[in-house]
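Per TrEMBL, the feature active site maps to CYS75. Look at TrEMBL and you will find CYS75 tagged as active site, proton donor. The active site, proton acceptor annotation in TrEMBL covers CYS219. Residues annotated as substrate binding site in TrEMBL: ASN13, GLN46, ASN66, GLY76, ASN77, ASN159, ASN192, GLU210, ARG211, GLY220, THR221. TrEMBL lists PHE270 with the feature site 'Important for dimerization'.
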Amino acid sequence: MRVKFSKMHGLGNDFVMLDGISQRIRLSPDKIRRIADRYLGIGCDQVLLVESPRDPDADFRYRIFNADGSEVENCGNGARCFARFVRDRRLTGKKRLKVETSGGLLQLKLMDGDQVSVDMGAPVLEPEQIPFNADRCAESYLLEVHGETFTIGAVSMGNPHAVLLVENVQEAPVTQLGPLIEVHPRFPQKVNVGFLQINSRSQAQLRVFERGVGETRACGTGACAAMVYAHQRGLLDDQVGIQLPGGNLTIHWSGPGQPVTMTGPATTVFHGHIIL
Ligand SMILES: N[C@@H](CCC[C@H](N)C(=O)O)C(=O)O
């Protein structure tokens, strides 16, 4: 099967975008791993498949697969790339879109230049909905990892995130501790792990070890989850610039029950065909 794709990225978090509306595409975990392989395939952190919506309120549905083949609920950088992809492929002429994901409905706005703004919905903090094993909902939790105890925040942005505050993000043990927390038994569906350094009330730096991928250059839902955790602890204002290894996102959140808004770029790199 010969399939058209676009290679895109949001701050270096890279995607293979597939139009499943004008092409018939059958994916399997094995095919996804092959597409994502940086030596044997195209190479990407996530494969994103655009489909017709099931929800009559939505313009599109988009499905998200991590490089390890697992299907997941949400992807912030992917959402911005999705919005540009459907416009560039002329699947819609709209600048404001509603898209269904398995983590909920997102509202997107194409702005000037390469910028896209996404209403990511309200964060979920109830442990059983994240899902995270804890007796009660709290601002932070103690997590034991191989005999050491860490203070973490647990937030769902449709997908699960653990957030740790660190003094120096460059020196944070992202690739050592990240994989241990990713598969911690208290997160029954595994978890994305963010390491957050607060620079001021409006500036922070973040590195994320993503579930099913490893450390990425940027994670949109990770930036939203980090904002929620630090804002709840009174460390950040409502509007914050979050610097990731691949560049900056602007995140806005005004508190519990309110949606998180993420604004940042979406970039197309090339188009091609792949034999699946
Ligand atoms: N890169 C993404 C998140 C992709 C999904 C994540 N790895 C998961 O397993 O939940 C983003 O920009 O949000």
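Every residue gets a Cβ built from N, Cα and C, even glycine.
In TrEMBL, annotation is done automatically, which means it is predicted and not curated.
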* Candidate with the highest Cβ count within 10 Å, taken from the binding-site residues ASN13, ASN66, ASN77, ASN192, THR221 -> ASN77
* Whose Cβ lies within 8 Å of the mean position of the Cβ atoms of ASN13, GLN46, ASN66, GLY76, ASN77, ASN159, ASN192, GLU210, ARG211, GLY220, THR221, the substrate site, other than those residues? -> ASP45, ILE64, VAL72, ASN74, CYS75, GLY78, VAL208, VAL213, THR216, CYS219, GLY222
* To do: Would you mind checking how many other C-beta atoms are within 10 angstroms of the C-beta on PHE270 (site 'Important for dimerization')?
  => 9
* Structure fact -> Expressed in angstrom and rounded to a whole number, the substrate site built from ASN13, GLN46, ASN66, GLY76, ASN77, ASN159, ASN192, GLU210, ARG211, GLY220, THR221 spans a maximum Cα-Cα distance of 16
* To do: Between THR221 (substrate binding site) and CYS75 (active site), find the distance joining the two CA atoms and give it rounded to the nearest Å.
  => 6
* Structure fact -> Out of the active-site residues CYS75, CYS219, the residue with the smallest number of other Cβ atoms within 10 Å is CYS75
